[in-house]
Amino acid sequence: MSHKKRVYPTAQLQYGQTNIYEQHGVPQDAGAPQGQPLQSDIPYMNAQPGVIPGQGAPMMMDNGAMPQQQMFTPAQQQLNQQIDQTTAAMGNMQFNPAANESNMYYQQPLPQQQQQQQQQQGPAKPPKPMNQLYPIDLLVAFPPPISDLSLPPPPILFPLDTIPVPSEDALAPSNYIRSTLNAVPKSNSLLKKTKLPFSLVITPYQHLHDDINPPPLNEDGTIVRCRRCRSYMNPFVHFNQDGRRWKCNICNLFNEVPSFLDRMPNDTMSNRYMRNELRYSVVEYLAPKEYSLRQPPPSTYTFIIDVSQNAMKNGLLGTTTRTLLDNLDSLPNHDGRTRISILCVDNGLHYFAIPSDDQEGQQVEMMDVCDLDDAFIPRPDSMVVNLVQCRNNIETLLTKIPQIFQNNIINKFALGPALQAAYNLTRNEGGKIIVVSATLPNIGVGQLKKRVEEANVGTPKESQQLLTCQDPFYKTFTIQCNKVQISIDMFLASEEYMDVATLANLGHFSGGQTHFYPGFSAQRITDATKFSMEFAKHLSMDTSNEVVMRARGSTGIRTTGFHGHFFNRSSDLCAFSIMNRDQSYVFDITLDENIAAEYCYVQVAILLSLNTSQRRIRVITLALPTTDSIAEVYASVDQLAVTAAFTQKAIDKAQDTSLEEARRFINQSVEDVLTTYKKELVVQNTGAGGMPLRLCANMKIFPLLMHALTKNLAFRPGRVPSDHRAAALNYMESVPLKYLLKCIYPTIYSLHDMPDEVGLPDENNEIILPEPINASYSSFETYGLYLIDNGIDLFLWMGGEALPQLVEDAFGVPNILEMPIGKQEVPVVPESPFNERIRNIINRLRNHDDVITYQSLYILRSASNSDPVQANAKELSSLRMWASTHLVEDKIMGSEGYRDFLQMMKNKTSK
């Protein structure tokens, strides 16, 4: 491949250069307000390795080692690593510290004052290290530094030299669990004063398949738990001097150390300090028999397939059976016991009795049941069959199903009776019901009607009339399913109304998921590809069944709210018939009483059964420092986790009250945070004309994310089809954090001016991606090429004034009017390295191993003065409008731009 650089026009002014600030009325030398230190004066920016800002140089032993009594020394390595990672991205940020350095830490005692206090009070214990607060002016730090979206959260400063096995592995990885507050208020009154949520964002699994980077596994059957609170031994427990008792860090009870903790299964002595539970914050146990009420059941997949006229016309039936046929080997079957059942549905139920392959002369038999009120199962013993033993006959059936129903003219779909039949088929063992439908359920129990959208869309009645469950069957049925360990996944693909708001309840309360494919037509290869890719990844995904998850907190900490797809069995226990691998959960925490300890703990335990016939326990333990300083609380806020927590609360308000109330809540949350910060933490104010809008540096992206959230399809005002809005709400309430953020604030790449190495493999054979740009039209050039990624779809946007050479290199056509438009793939252009790099980037963005999503690609171009009247002008105009809604920093859909939003917040907080 030739690496000769193709030079296209590039912007003369880039963000970060002085002239861009002059565009917004900011002088060239406005790096910091007058009388305030520059970036180079901020301790955080000049931190030396091994030194916490404000703590001075570390003490050293004669041999160069750190003294043992410095409680922050081991944790400092983590802080230094995260500082190193963030320094480059923070270089372009416009920090605006407090008015003078004496107030840098918000009226903390100066060194002389500290010395005097210590002399008065006697020998004082060294203060524990805490994150420091660095204020900025949001209106000056503009455009917002979106590189912060990829930064790690503020470090959790914990004295690792105080635990049995000092190790960085004892600190919980943020991809498993994130706390909105990495310094916990010691009292509920302080927590309320902050106006910040105290929540945990929990992602128990990081990959679709369990064999990728699994956590350490204890296979010896040794499980040590506190006899009072039932928490599991973890890195933060303590042993007494003789090592015979251990102190629980959750409830502070001393427990006897079992003798088997120091012995191997073969009765030889072992070193307890090498055990995984004392070294790692995330660990998994192979559970003994007492953790099982029964033998782990086989994995069972029951497919309810729509064979009505709609499913035939749009090609969904053929696409489904072909994909299932091609992926039978991908179904998890580690123990060889996986079972399968297929049920076709229109206005009746079509069962299939599938004989085993060794039964010569026996063929698959179809049995029809038309009495939906009293449906029975003709031959239950041959309806749910072993995948291995009946493999050939299953393949034969999947090949014949499209032929059997190819002339079907029935436009009915009896989903309710089909669900009841599937329930009766699998109630003894449990399992997963997968529904594939192109038709609104319109006959039998649970039949639905098309709602009146015209009169309710965009009105205060929208939530209650269009986004609530239309029939209680879809909630009560999930209660039955949870009792027998059945979950439900929905794949809805149609050009017609499907009532996603109602049907999504099936997945929501059973631990499943609803996938929506509006306007689906298998005749469009892009639609068929997206459905097939996602359906195939869903089939191959590892799952756990018979799952319960509980979070235990140390003294004063209690979980009170739960968000995600599961059934809340009790006040602190979440039940999952099936736990998929591509979901995340948010737990809200309250403080029942004041916390006296310097550190608090939360432990999440998940009891589950695997497809390997094993019962396991996954334990995640999080340690957090506590504080009675609101400044230290704000300095340790994880702005991304806070966004996730507020998003879940906004979803609840959208579904329970109104969309207007949800938007009001989002904006009010930002106002409350800014007002509290100004009232409690801003030491000095300037005159009214130059009054800044202060917030701490670690939260500078929070207002942007919340503002962008109001413009998301789930919340934005205006006319949005109810199925699309309901699908967006359903997606956001369960998607892992990094995809939630991309859904809120889309990632945009500039392709026409990307460096030579971008789009090509690095030393690890990973395609290098461009640096994202701000989601604003001011970031665009009329002659540029841009790629927008919202986590669900991709948009390749060509500027209307692009040079012919750029168009030819990208699409292989000499004229911009000839470039492809709409939902399609980038054509392969031989001997065009630029075209190959574009396709490499798109493929990299689609290559996920933690979610099943396969983004559709939409190609469009901007309008230009030379645009002729074209047949697809309406489609192109709609596509431009849709793509422009992703420029969330701008004025779109009647909402204000981000700068105006900040100005509005400044006015409100100044009252």
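Placement of Cβ uses the backbone N, Cα and C atoms for every residue, glycine included.
Residue ranges 44-69, 226-251, 642-667 are listed, and Swiss-Prot annotates 226-251 among them as region 'Zinc finger-like'. Other residues of the chain with a Cβ within 8 Å of the Cβ centroid of Cys226, Cys229, Cys248, Cys251, the Zn(2+) site, are Arg227, Arg228, Arg230, Ser231, Asn249, Ile250, Asn252, Leu253, Asn255. Ranking the binding-site residues Cys229, Cys248, Cys251 by how many Cβ atoms sit within 10 Å of each one's Cβ puts Cys248 at the top. Note on the region 'Zinc finger-like' (226-251): mean pLDDT across this stretch is 96.
All protein chains considered, the CB of Cys226 (Zn(2+) binding site) has 21 other CB atoms within 10 Å. According to its DSSP assignment, Cys229 (Zn(2+) binding site) is coil.
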